[in-house]
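Presented below is the structure to which this report refers.
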Amino acid sequence: MAEKICVAVRVRPSISEESPSGTFWKIEDNRISLHKLHGTPISGLSYAFDHVLDESCSNSKVYELLTKDVIHAAVDGFNGTAFAYGQTSSGKTFTMNGSLNDPGIIHRAVNDVFQKIQMISGREFLIRVSYMEIYNEEINDLFAVENQKLPIHESLERGIFVAGLREEIVNNAEQVIKLLESGEVNRHFGETNMNARSSRSHTIFRMVIESKGIDTGSGDYSSSDAIRVSVLNLVDLAGSERIAKTGAGGVRLKEGKYINKSLMVLGNVINKLSNGAKQRAHIPYRDSKLTRILQTALGGNAKTSIICTVAPEEVHVEETKGTLQFASRAKRITNCAQVNEILTDAALLKRQQLEIEDLRRKLQGSRSEVLEQEILKLRNDMLKYELEREKLEMELEEERRSHKEREQCIRDQQLKIENLSSLVSDGDRSSSQDSMKESPKDECNNFKTPCFKETSNNAFVAKRSNYSELPDFSPLPDSFSNVADEDTWFKMNKGYIADLDSLQATPARKVQSFPPQDITPDCSNDNYKLELQNLKTQLELVIKEKDELQRKHEEEVQINSRLMGEISELKQELDLSNNSLESSKQRYGNLEREFQKLKEERDSLLQTVSESSKNITFLTDQKENILKDLNCEVQRRKDLEAEIKQFSVAFASRQRSLASIHGEFKSKIEKLRAENLVRY
């Protein structure tokens, strides 16, 4: 079912004692508007939202109005997100974290989640929490300081998630509060002109709530029931800044640039989403890591609440207008939230034996408590091993990619070295040809002495000294192996083909070389030396460059070998982690079997105890009946004794009365007898 994002505006108390001189913000029910000093509203600057909260509003009221329904929906299986947006020093962190006397939304949400779970008797829950910050567009784990610059991944099973982020399994609110306090210590804060303790990063506190129904009729778990997995994001954004007001410089300036950039991308995403589905173009979620992580919450399957905090001072009017415009656009966004139910093994709750929890609640005594702690420890270890395995797999993939890049770089360098080597060889050949060009020439300009430097290992070229005498004739070659072939002769003489027969028939004569008429011998010699020196210098530079490339190539080879060693070590660590995971699974199986045995023993003991209880109940009932009869008999005896005593007293009194009557009667008889005797 489609529903709008719930948006509220909270005005913090004014920190300035000066009264407004031009304009002020006025709150009327759920509307906030800018008024002139004498009370006239300014046209176009009136905004209506779901809730507008003034300076006297507490965090408790903010939570009840905005976030409580989102938290309860998350327990029921809906994704939920709540975050505070506004300029720096407008009260966002106070709204989310609060204080000792007035806890913020995060602390209240944690307590409310566990209270809600305790009220639900038909389901069992597994809760995992994580805490991250986005500092200078880099994701850091606040629970584990060593986890820095974490990447964002996406899968069909888990959706969008941060790889390598530590998740802690929690059982109560106190444990979560302690983790939050430890994470806050690692968060980046700084001091600016507008705030003594300014948040320099965005933080996201995430709770993953998994639950499964229990068949209350049989007392066992229903394997066919779907598992609900919901994600609750509680976000504390850093505030937008103006450098002229904050006076930021150096590190603070760099932090402010990244904060403003991510908030600008968030504003662009909200603006695109507010246009509606028909007019909606590409939504730039990937331009910022904040919007990438909150992609589902901003325009998808989630219930979302946004608290926009503003400052009432007149000096912050422009920033407040920007915040209210952001809130107005966000109010038009529609999300389609639904319960997340899965039937696969993706949920951690289904990968573990749910019957262990039932046995944990039913077993009593010190042994069950020890086993409960051991099970919780094993579950945390398994979760930690899975995270470490994912991290090692990603590192291994990165090393493989970097290894391929290094191999490509090494191949490129080898190719460059080969090109330079060929260049050096060409330079040697060109220098040899230049030296031949500068040598004395014969009268026949088309005839040149061939160079045998590359055709034979024993061949050489010598330069005649300027002071040596000219020979009578050219020397004959020692062997035909030092004579250039026909193709080489053709190339070196520019296509001139000499008649070898006529050469052999030429008589010996003196050969004298004459230098060119326009260039003096000394000048030609100096130019040749200068050119030769330049060529030597270039050759030395090329050789140095070649040596440098060879040295770099050797270093790359060493680095490559070292990386291969590190990759093998990572593989060994991965194998060790897998072995540890297997051993943990074996321990888990042993504990499960031990639990099964304990269950059977418990069942037999319960049956024996049940029979004994029945016998004891029967005997107790008999005893109670006998005691009742005995008490009745005792009471009857006491009553009879009392009656006997009363009868004895009455009999004695009657006996005495009869004795007195008998005496009187006897005396009367005797008197009558006496009277009769007198008469007769």
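Every residue, even glycine, has its Cβ placed from backbone N, Cα and C.
Computed from a predicted structure; not experimentally measured.
Residues annotated as ATP binding site in TrEMBL: Gly86, Gln87, Thr88, Ser89, Ser90, Gly91, Lys92, Thr93. Of all Cβ atoms in the shown protein chains, 23 besides its own fall within 10 Å of the Cβ of Thr93 (ATP binding site).
Under the heading compositional bias 'Basic and acidic residues', TrEMBL lists 426-443.
Per TrEMBL, domain 'Kinesin motor' is recorded for 4-333.
If you look up TrEMBL, you'll see 421-443 marked as region 'Disordered'.
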Other CB atoms within 10 A, centred on Gly86 (ATP binding site):
27
Among the binding-site residues listed here, Gln87, Thr88, Ser90, Gly91, Lys92, whose Cβ has the fewest other Cβ atoms inside 10 Å?
Gly91
C-beta crowding around Ser89 (ATP binding site), within 10 angstroms:
23
